[in-house]
Amino acid sequence: MAVLPITSHDVQSDYDNAKFRRRSVFKVITQALLTSNVRRNCGSCGIGKLLALLMIAGLAFLTVARTNPGISAASQIVQHINVRGEEKVITEGHGNAESWKRFWRKPPRLPPRLPPHGKVGNNSLAAEVHTQQQVLGSAVRQTKVAEAFRHAWTGYKNYAMGSDELMPLSKRGVDGLGGLGATIVDSLDTAMIMGLNDIVQEAGYWIEKKLPERLNEKGQVNLFETTIRVLGGLLSAYCLSGGDNGTTGDWGSRSRLDGPNPAIYLERAQDLADRLMSAFTSSRTPIPFSDVILRERSAHPAPDGLSSTSEVSSLQLEFWYLSKLSGNPKYGDAAMHVLEHLKTLPKLEGLVPIYISPHSGHFSGQNIRLGSRGDSYYEYLVKVWLQQRGAGHGGSDVSYLREMYDEAIKGVKNRLIQKSIPKGLVFVGELPSGQDGSFYPKMDHLVCFLPGTLALGATRGLTKQRAMEEGLMTIEDIENLKLAEDIMKTCYEMYAVTTTGLAPEIAHFHTQEFYEDGLQGGNKSSEFLDDIIIRYADRHNLLRPETVESLFVLHRITQDPKYLEWGWQIFQAFESHTKVDSGGYTSLNDVTVLPPSRRDKMETFFLGETLKYLYLLFGDSNVLPLDRFVFNTEAHPLPIIGKGVENDHTSQTRAS
């Protein structure tokens with residue numbers, strides 16, 4: 001711990017109190033003697049009394065000498081004493097004369113030893129100690145998260161290498177995402193961020209040697225899932241390994257990264273994207289088909305003919321960045337054309353239904369929610385705007401995305417936000433039948449992306465303090481950040497209310513119109529036990545990342561330490577209930593009972609998102625700063641183009 005200097009001002013102002021002034025032992029004894037009968041009867045004292053006095057004086061001298069090392073003739077000390085703000089240096093040398101001078105000189109008055117929460121001047125020793133303990137604690141926590149990642153990877157490597165996902169209880173792999181080794185690509189940039197070079201090598205060389213044959217041999221994949229997990233993972237790996245700007249230090253890397261030449265990642269990304277482009281070219285509208293046959297470079301719609309709104313509107317970060325890297329505009333043009341088309345469609349206060357038809361180009365149905373099939377539409381409005389708004393000459397005007405985002409958030413606040421009873425948790429509900437239907441108090445865990453998105457929209461990734469100082473936040477931005485913190489509290493309580501400390505996939509909330517008795521989370525000590533309702537069919541946990549994602553973003557922006565503690569509690573619950581001894585982590589069937597039954601599935605996003613966000617939560621804010629990088633909806637960081645260049649319609653009003 002650093003020791004703060006004590007100035008003359010500190011001594012004179014803070015401790016100018018008689019009860020703190022020290023007196024020497026010799027002075028105490030002599031004053032006592034002078035006030036006794038010895039002073040009055042000294043003239044008549046005998047030899048015995050005189051010897052007694054000399055003995056007392058000698059003992060006093062020895063006491064002072066023992067407690068003051070400056071009297072020792074074997075040492076030389078330089079002492080700094082402040083006298084009225086001026087520093088004087090006194091050198092204590094050898095010899096009895098110098099020792100006797102120190103014996104008779106009155107010692108300088110020193111300040112008292114501070115209590116644990118005392119202050120010196122304007123600085124707090126306790127605050128400094130707390131900060132250092134927090135840094136040390138965060139480093140330990142990061143190490144634990146990295147160990148968890150290695151445990152997850154080891155299970156995958158031992159039993160499922162090359163498969164999309166691990167079934168940790170069965171100790172085998174499964175291909176549920178097209179057979180592209182999704183866990184490998186999804187995990188690679190997490191290993192890079194953690195500096196786990198052996199895993200970076202293993203994953204990197206698999207991508208170099210094995211992925212091309214998979215692309216040539218495999219059949220149907222989902223456009224959205226393949227884009228966010230595989231294409232996004234390849235592009236992020238290219239960027240973080242130095243392919244984009246030639247140095248890993250630009251994103252805060254502290255170690256050299258091994259693996260193949262970064263160009264390999266870009267080549268694989270472009271090969272994959274060329275095959276995925278058939279989803280756009282096969283559709284007669286700007287809305288792409290949902291399914292792609294990779295080996296045939298063909299595409300077709302889903303069996304019901306519809307695409308998810310979130311899926312078609314969550315491709316732009318990846319395809320646009322690939323265009324910037326490759327110099328070929330076709331990828332970005334096709335993806336951005338989707339958002340330009342969505343801008344023209346009718347909405348309910350900026351809110352949109354969760355299905356859209358690639359045949360007609362129009363929304364289908366009335367169901368409006370920020371959970372599954374709707375979530376990342378709202379996320380990408382602000383993230384694509386952040387990514388492209390400073391693109392400069394030749395870049396398209398993306399201010400319409402900020403307008404769409406602002407309108408949508410107003411719609412969320414007007415239509416979807418309510419408070420539970422009896423304790424008043426702020427939650428985001430649904431409109432299953434659209435404008436004419438009733439409000440439904442159901443909130444997917446997926447909705448917990450929203451606090452992080454609201455915070456990014458409010459400050460553009462800057463800390464709240466800096467954004468306020470630079471005049472970038474409007475009253476509405478401040479309100480949105482407050483809403484983000486309120487919803488974040490609710491997302492955390494969805495974990496804390498259960499017996500396991502892990503959130504269910506879906507929660508319902510007790511309102512005046514809705515209540516179901518006997519469906520509580522199980523944690524009797526939670527004050528929100530009666531606010532949150534968990535139906536039997538919704539009690540599973542899939543190791544999802546959305547809550548820890550928002551904890552990471554909110555901690556970066558608000559710097560509130562409570563988000564560190566919430567994240568640590570969630571991580572410990574994962575460790576306690578989902579870790580499989582032989583390797584890997586597993587999903588759960590019921591988070592409300594102990595021990596919870598296990599589901600035998602480790603989703604790729606547990607390594608690609610959940611553990612990555614936890615690691616970053618406990619880390620240095622200079623690593624992947626949020627004003628320079630934007631994370632796709634699968635947590636793959638991509639650089640913000642033209643950082644610092646204002647190109648949005650609200651820049652002038654926000655700065656005023």
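For all residues, glycine too, the Cβ spot is worked out from N, Cα and C.
Long-range neighbours of GLU225 (active site, proton donor) (same chain, six or more residues apart, CB within less than 8 Å of its CB): LEU177, GLY178. The active site, proton donor annotation in TrEMBL covers GLU225 (among others).
Listed in sequence order, the residues of the same chain lying 6 or more apart from ASP375 (active site) and placing their CB within less than 8 Å of its CB are SER310, ASP444, LEU446, VAL447, PHE449, THR633. The annotation active site is assigned in TrEMBL to ASP375 (among others).
Summarising the annotation, TrEMBL assigns disulfide bond to CYS448-CYS491. Taking a C-beta cut-off of under 8 Å and a sequence gap of six or more, CYS491 (disulfide bond) has these contacts in its own chain: HIS445, VAL447, CYS448, PRO451, ALA503, GLU546, THR547, SER550.
Same-chain residues at least 6 positions away in sequence with a Cβ under 8 Å from that of GLU505 (active site, proton donor) are, in sequence order, ASP444, HIS445, ASP538, ARG539, HIS540, ASN541, LEU542, ARG544. According to TrEMBL, the active site, proton donor annotation covers GLU505 (among others).
Cβ neighbours within 10 Å of GLU546 (active site), excluding its own Cβ and spanning all shown chains: 24. According to TrEMBL, the feature active site maps to GLU546 (among others).
Taking all protein chains in view, 25 other C-beta atoms sit within 10 angstroms of the C-beta of THR633 (Ca(2+) binding site). Residues or ranges marked as Ca(2+) binding site by TrEMBL: THR633.
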#### Entry: CYS448 (disulfide bond): tally of other CB atoms within 10 A of its CB
29
